[in-house]
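Take a look at this one; I'll ask things after.
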Amino acid sequence: MASKAVKTLITPLGKENPVFVQILGICSTLAVTNKLENTIVMVLGVIFTTTLSSFTFSILRKVIPARIRMMVETLIIATYVIIVDIVLKAYMPEIWQQLGPYVGLIITNCIVMGRMEAFAASNPPGLSLIDGLASGIGYGYVLLIIAFFRELLGSGTILGFSVFGDWWTNWSIMVMAPGAFFVLAIFIWVVKGRMEE
Amino acid sequence: MKQVSFFSERIKPVIIMAVITIICISLVSGIHLSTQELVIANEGLVLKKAVLYAAGVEIPSGNAEVNELYEERVEEQMDESGDVYIVYGEGGSTGGEIEAYAFIAPGPGLWGEIEMLAAFMPDLKTFAGIDFIKQNETPGLGARITEAWFKEQLRGKQPPLVMNPEGTESSASTEIDAITGASRTSDFVLSIFNEAGLRAAELEKEGM
Amino acid sequence: MNGELLPAAVFFGSIFTGNILLSNYLGMCSFLSVSKEIKTSTGLGAAVIFVMAVTSLLNWIVYHYLLIPLGLEYLRFIVFIVVIAAFVQLVEMIIERVSEGLYAALGIFLPLITVNCAILGVSLFMVIRDYSLVNSFFFGLGSGIGWFLAIIAMAGIRKKISGAKIPKGLEGPGITLIIAGMMALAFMGFSGMINIT
C-alpha cells in the first residue's frame with residue numbers, strides 16, 4: 001500500500017508527466033507564463049482543483065450512475081474552480097485581474113478531468129488524492145520552468161526583481177505569444193533527448 | 001421488477017444529480033456571500049487608491065489608513081456629466097487648498113474598455129497624474145501601461161500629447177514615451193489621454 | 001475613435017491579431033492531436049466555428065438576462081459550461097436525424113468540442129471585456145474562423161514535413177509547437193494592418 005502510494009506520487013513527475021509526455025492541459029496556463037508571479041498563483045489553483053476534484057469524485061464513485069458521470073465530474077471541477085476564483089478575487093484582487101479568464105479555464109483543463117476518468121474512477125479516495133496532487137505538481141513545475149525563462153529573458157526580471165540590470169535588452173518576443181511555443185518546444189526537446197539516452 | 005429498474009435507470013440519476021448540484025451550489029454560494037463584503041471593499045479601495053495616486057498623494061500601506069486619508073482629502077462632486085473627485089492638500093477638504101481635479105476617463109483598448117483615472121492640476125491644463133482602474137491589454141505588453149514608469153511620466157505633461165518610442169525619455173511637456181511591442185495599446189491610451197485633456201478643458205469652461 | 005469598439009474590428013482582430021489559438025493558446029489539446037490530417041482538421045474546425053459563434057450568443061443572453069438580474073455572476077463558470085454541453089448535445093441529436101452526410105462530417109467532432117477550452121474561453125473573454133451582444137457574436141465567429149485557419153494551416157504544414165528528418169526529441173509535439181510558434185510570429189504581422197477603430 002505504502003509503495004503504491006509512493007509510486008502514484010512519483011510517476012506523474014517524470015515518466016508520465018502530463019505536460020511533456022502527454023501534452024495535456026497546457027491551454028489554460030500557458031498564456032499566463034509570461035510572468036512568474038501569475039504562473040505560481042495559477043499553478044496553485046490547478047493543483048488545488050485536481051487534488052480535491054479527484055478526491056471528491058473518488059468518494060462518490062460508487063454512488064454515481066454511469067450515465068451522469070461526466071456531468072458530475074464537470075460539476076465537481078466547476079465548483080472547485082469557482083472557489084479558487086472567489087478566493088482570489090477577495091484576497092488577491094490585483095492578481096485576479098491579471099489572470100482574467102484563465103482561472104475559469106481550469107475547468108476545461110484536460111488534466112483535471114483526465115485524472116478523474118483514468119484514476120479516481122477506479123481507485124480509493126486516499127490514492128486518488130495523491131494522484132491528483134502529483135499530477136498537479138508534475139504539471140505545475142513544467143509551467144514554472146517555462147515562466148522562469150520567459151520572464152527572465154523577456155523582461156530581465158524574476159518575480160519582478162531586476163536580475164540583469166540595465167545592459168540587458170529584453171527579448172520582447174519571449175513575453176509575446178510565440179515565446180511560449182518556442183520555450184515549451186525546446187523544453188520537450190531537452191527532456192525527450194535525455195530520456196532516450 | 002420493472003418498477004425497480006425504471007427507478008434505477010431514470011429516477012435515481014436525476015435525484016443524485018439534483019442532490020450533488022444543490023450541495024455544490026450552496027457551498028459556492030456560501031463562500032461567495034462570506035467574501036462579498038471584502039470584494040466590494042476591494043473594489044472601492046481600487047478607486048480610492050487610484051484617485052490618491054493620480055493626484056500625487058502618497059498612499060499609506062494599510063487599507064483603513066487609505067480610507068481615512070481619502071475621507072480627509074477628497075471631496076466627491078457628483079455632476080450630470082460625470083463625477084469629479086476634488087483632491088485637497090494638507091488640511092483636507094475644510095482647510096486645505098485644491099491640489100487636483102480627478103475624473104474617470106474611459107476609452108476603447110485593444111481588447112476591451114480601458115478605464116483610466118485622470119487627475120489634473122488646478123489650472124485644468126496639466127496632468128497631475130494618472131492611474132488605470134480597469135484594463136484588459138495583453139499581459140507583458142500592453143498591460144505594461146500599468147507600470148510605474150509609464151504612469152509617472154504623465155505628471156506635469158500637457159495634452160494634446162504625442163508619443164515617442166520607448167526609451168526616448170521624452171522631456172518636453174507635450175511628449176511621452178510609448179511601449180515597445182504594444183503600438184496599438186499605446187495609440188489607444190494616447191487618445192484616452194487627449195480625450196481627458198478635452199474633458200478637463202470643458203470642466204474649466206464650466207467654471208471649476 | 002469615438003469610444004466604441006466596432007464589430008468589424010473585433011471580428012478581424014479575433015481572426016488575425018488576437019487569434020485565440022496562437023495568442024491565447026486556447027484549444028491546444030485538440031489542436032495538437034487532430035492537426036495530423038487535413039480532412040479531420042477541416043471537420044473539427046468547421047464544428048468549432050459553428051459552436052463558438054452560437055454559444056457566445058447564448059451565453060451572452062444567459063449572462064445578461066439571467067445571471068446579472070439574479071446577482072449570480074459568480075456561477076457563470078458552471079452555467080456557461082452547462083450551456084455549451086447542452087447545446088452541443090442538442091446539435092448532435094438534430095444533425096443525426098436531419099442529415100447523415102453532415103453527421104458523418106461534423107457529428108463525430110461534436111463531443112470533442114465540449115472540452116475544447118477555446119469555446120469556454122470565448123464566453124469568458126466576452127464577459128470580462130464587456131462586449132455588447134453584436135460584438136460578442138462577431139468575437140465568437142471571428143475566433144472560430146481564426147481557430148479553423150490555424151488548424152488547417154498546421155495540418156497542411158505537418159503533411160508537408162511528414163517526410164522530413166526531424167531530431168528525435170522534437171518528433172511529434174515538439175516540432176508542432178515550433179511550427180505553431182512560427183505561425184504565431186507570422187500572425188503578429190497582421191497587427192499593424194487592422195486599424196478599423
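Along the chain as shown, residues are numbered 1 onward.
Glycine too: its Cβ is placed from the backbone N, Cα and C atoms.
Below, the features straight out of TrEMBL:
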{"type": "TRANSMEM", "residues": "C:6-32", "note": "transmembrane segment"}
{"type": "TRANSMEM", "residues": "C:44-68", "note": "transmembrane segment"}
{"type": "TRANSMEM", "residues": "C:74-95", "note": "transmembrane segment"}
{"type": "TRANSMEM", "residues": "C:102-128", "note": "transmembrane segment"}
{"type": "TRANSMEM", "residues": "C:134-155", "note": "transmembrane segment"}
{"type": "TRANSMEM", "residues": "C:175-196", "note": "transmembrane segment"}
Counting Cβ pairs under 8 Å that are 6 or more apart in sequence, does the total for the transmembrane segment (C:134-155) and the transmembrane segment (C:6-32) reach three or more?
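The transmembrane segment (C:6-32) and the transmembrane segment (C:134-155): touching, yes.
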State the residues, same chain only, that lie 6 or more residues beyond the ends of the transmembrane segment (C:74-95) and have a CB under 8 A from a CB inside it; answer 'none' if no residue qualifies.
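Cβ under 8 Å, 6 or more out: 50-51, 54-55, 58-59, 62-63, 66-67, 102-103, 106-107, 110-111, 113-114, 119-120, 123-124, 127.
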Counting only residues 6+ away from its ends, which parts of the chain sit with a Cβ under 8 Å from the transmembrane segment (C:6-32)?
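Result: 44, 48, 112, 115-119, 121-122, 131, 134-135, 138-139, 141-143, 145-147, 149-151, 154, 173, 176-177, 180, 183-184, 187-188, 190-191, 193-194, 196-197.
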